[in-house]
Amino acid sequence: MLGLDGAGKTQLLYRLKTKKYMITNPTIGFNVETIYLQHKRPVTVWDVGGQKRLRFLWIHYLQNTQLVMYIIDSTDRDFARLQQCRYELHKLLHYQELDNIPFMILFNKNDLPNAMNDEEIQENFNLSVDLQYIVTTHKILVIKTTAASNKSVQDIIKKLKNVIIEQQK
Ligand SMILES: Nc1nc2c(ncn2[C@@H]2O[C@H](COP(=O)(O)OP(=O)(O)OP(=O)(O)O)[C@@H](O)[C@H]2O)c(=O)[nH]1
Ligand SMILES: [Mg+2]
């Protein structure tokens, strides 16, 4: 799990793991948890701190990655933050170590009334929600999520499972 600070990575990780709300603090370093996809298939999820001063560390977590979940705060329309968010995403998409690794891009905080709609996501990121397509060498799946309730849990687990199984074929 990567993405700018405050996007909701840690909240989402513990939502997927425990289906409960957890008070989070900005992550300095990382959290790592095993979550279970359907049929009890375990997956190790690394959630790495997204603060600007910590982003140079991301590349150290990429070895043996099966999938990148890139989490975006869909309420954050600040120009500079949007630029950073796109920049970091593109950097990962062009990182050689991640060639052919699928990406799930999660537009999070979708429970909030000011979350970007599909048109804004398209405008700001040139991405279409619920479409799977290929950018450079990556399969990309774009979804809208919330970590504030259990509403997205099954959807994320199902898609994670599908992408991981498809990749192993
Ligand atoms: N309403 C709402 N709040 C959320 C959601 N996801 C996260 N939050 C809140 O947003 C804040 C930041 O969430 P974190 O999970 O700590 O963010 P992070 O991406 O781990 O941030 P760093 O650890 O700094 O990289 C917390 O107050 C969360 O409770 C969401 O989907 N909806
Ligand atoms: Mg965190």
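Yeah, the Cβs are placed from backbone N, Cα and C, and that goes for glycine too.
Because the structure is a prediction, the values reported are computed rather than measured.
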Can you pick which of Gly29, Gly50 TrEMBL lists for the same GTP site as Gly3, Leu4, Asp5, Gly6, Ala7, Gly8, Lys9, Thr10, Asn108, Lys109, Asn110, Asp111?
-> Gly50
For Thr10 (Mg(2+) binding site) and Gly50 (GTP binding site), the CA-to-CA distance in whole Å is 10
Provide, as an integer number of angstrom, the distance between the C-alpha atoms of Lys109 (GTP binding site) and Thr27 (Mg(2+) binding site).
-> 18
Under 6 Å from ligand 2 by C-beta, which of these binding-site residues make it: Gly3, Asp5, Ala7, Gly50, Lys109, Asp111? Sequence order, please.
-> none
Rounded Cα separation (Å) that holds between Gly50 (GTP binding site) and Thr27 (Mg(2+) binding site) = 7
Across Thr10, Thr27, listed as binding-site residues, the smallest other-CB tally within 10 A is for Thr27
Residues near Gly3 (GTP binding site) by Cβ (under 8 Å) yet at least 6 apart in sequence within the same chain, in sequence order, are Lys9, Gly50, Tyr70, Ile71, Ile72, Asp73, Cys85, Glu88, Leu106
